[in-house]
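Lifted from Swiss-Prot, the feature list:
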| type | residues | note |
| --- | --- | --- |
| BINDING | GLY33, GLY34, HIS35, ASP53, PHE79, ASP100, GLN107 | S-adenosyl-L-methionine binding site |
Amino acid sequence: MEFKHISVLLEETIDSLNIKEDGVYVDCTLGGGGHSKEILKKLSHKGKLIGIDQDTSAIKAAKERLKDYENVIYVHNNFYNIDSILEELDIDKVDGIIMDLGVSSYQLDEASRGFSYMKDAPLDMRMNREENLSAYGVINNYKEEELFKILKNYGEEKFSRKIARFIVEKRTENPIETTGELVEIIRKAIPAKFQREGHPAKRTFQAIRIEVNKELQILNKAIEDSVNRLNKDGRLSIITFHSLEDRIVKVKFKELEKPCTCPPSFPICVCGKEPQIKIITKKPIEPSKEEKEINSRSRSAKLRVCRKI
């Protein structure tokens, strides 16, 4: 299958980077190369782009899409490791970094990846297929209490306790091997009247995907390391697709903008923690009505941007 992915908030994200033609930029989630291509259009031959992705299919697709550009470095890795990646490339500071945290259309549409609750496929959900932990491992090996906490915390699923119990009961008969089997278990666990609010498996699949790929743990560290690697006035632009991610970005940006831990009664700061960034987006930028109509997957997207000071 061809790697297809419509870049969300494309114009807004590129504008937010305030691109310098000779600058160095990092696309932490290369995907099909949509954002990267627009960055490269604004760079001179002296500028440089580092494209990172943990999915080899994404890197292959991006190389084809960006084949006319010679100032691209492709890195098969997780952006959690951005600090060591730049270290290995002997790059100290960069002028801008973007993260698009959404699952690509390709990953959702290719049934064999196991991300979609709309298509029956083996339980997988690994962004990086070289990793050992898959959705199969989570569903069939995690204890009931662990499953409950994952569904509750990562999926904000109100029926997390019941779904976890139903999963454990079903797997005692036979291992749960496909997304279709999991969807049926979820349907049986959620009362019919609550299944009118979108697909009943949506929150559970989100939660399992986040657990498999350690998405939230990765994000906190990646934001800190990215800010440390920015030049003065460099920008960090992050697109999120659900409230858990957005909350992490919002809170981390606030911590980095106002890190002082002194009591409010202190007349001056004595903790020595200096502000590292200025938040550009007091409220997140959301897709236009037109974009939401054209690309339904953009509806929940939010863009937050900060500037290194």
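Here, residue 1 is simply the first one shown, and the rest follow in order.
Placement of Cβ uses the backbone N, Cα and C atoms for every residue, glycine included.
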Open item on the list: Of the residues named as S-adenosyl-L-methionine binders, GLY33, GLY34, HIS35, ASP53, PHE79, ASP100, GLN107, how far apart in Å are the Cα atoms of the most distant pair?
Closed with: 18
Open item on the list: At a 10 Å cut-off from the C-beta of GLY34 (S-adenosyl-L-methionine binding site), count the other C-beta atoms across all protein chains.
Closed with: 19
TODO: Compile a sequence-ordered list of residues in the same chain as GLN107 (S-adenosyl-L-methionine binding site), six or more apart from it, whose Cβ lies below 8 A from its Cβ; state 'none' when nothing qualifies.
DONE: ASP55, ARG113, PHE115, MET127
Task: Conformational class of GLY34 (S-adenosyl-L-methionine binding site) under the three-state DSSP mapping - done: helix
Task: For ASP100 (S-adenosyl-L-methionine binding site), nearby residues of its own chain (Cβ under 8 Å, 6 or more apart in sequence) - done: SER7, VAL8, THR13, CYS28, THR29, GLY31, HIS35, ILE239
- [ ] List nothing but the one residue from GLY33, HIS35, ASP53, PHE79 whose Cβ has the fewest other Cβ atoms within 10 Å; the candidates are the binding-site residues.
- [x] PHE79
Open item on the list: With DSSP assignments reduced to helix, strand and coil, which class does GLN107 (S-adenosyl-L-methionine binding site) get?
Closed with: helix
